[in-house]
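Everything below concerns the one structure shown next.
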Ligand code: SF4
């Protein structure tokens, strides 16, 4: 299962983390095993992310950093789009993610 590219319509914004939005399907706060999506311009579905790390290695402007998610069934760290405002829309992270956990859409924030 890949990240839902229409999550701004199917998820609800429930929180802020490191200055970016956090979204969940049911509008409830994230839990240990159900983390939701982090980010808006650069969005990472934490419930899909397996901490492969290719996005951190390949992003030319260092948008991502690791964040701890202890107890999550897929991985106990996640690629957090902490610096999504620096994104240059090269789409490398989308291409290299082995589980399609990332969606990049520079217009999404403006549509909210
Ligand atoms: S699209 Fe490019 S610049 Fe933006 S987060 Fe992904 S790898 Fe980094």
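A Cβ is built for glycine as well, from the same backbone N, Cα and C atoms used for every other residue.
Since this is a predicted model, take the numbers as computed values, not measurements.
Record features, source TrEMBL:
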type     : residues       : note
REGION   : 1-37           : region 'Disordered'
COMPBIAS : 13-23          : compositional bias 'Basic and acidic residues'
BINDING  : 17, 20, 38, 80 : Zn(2+) binding site
DOMAIN   : 40-69          : domain '4Fe-4S ferredoxin-type'
BINDING  : 49, 55, 97     : [3Fe-4S] cluster binding site
BINDING  : 59, 87, 90, 93 : [4Fe-4S] cluster binding site
DOMAIN   : 75-107         : domain '4Fe-4S ferredoxin-type'
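Counting residues 6+ beyond its ends, the domain '4Fe-4S ferredoxin-type' (75-107) has Cβ neighbours under 8 Å at 2-5, 7, 17-20, 35, 38-46, 48-56, 58-69 in the same chain. Cβ neighbour count for residue 87 ([4Fe-4S] cluster binding site) (all protein chains, 10 Å cutoff from its Cβ): 20.
Around residue 20 (Zn(2+) binding site), a 10 Å sphere centred on its CB holds 20 further CB atoms from the protein chains shown. The Cβ neighbour count for residue 59 ([4Fe-4S] cluster binding site), using a 10 Å radius and every protein chain shown, is 21. For residue 49 ([3Fe-4S] cluster binding site), other Cβ atoms within 10 Å of its Cβ number 24. Rounded to a whole number, the distance between the Cα atoms of residue 17 (Zn(2+) binding site) and residue 55 ([3Fe-4S] cluster binding site) is 19 Å. Among the binding-site residues listed (17, 20, 80), none has a CB atom closer than 6 Å to any atom of ligand 1. Sorted by the number of other CB atoms within 10 A, the binding-site residues 90, 97 start with 90, the lowest.
Of the binding-site residues 17, 38, 38 has the largest number of other Cβ atoms within 10 Å of its own Cβ.
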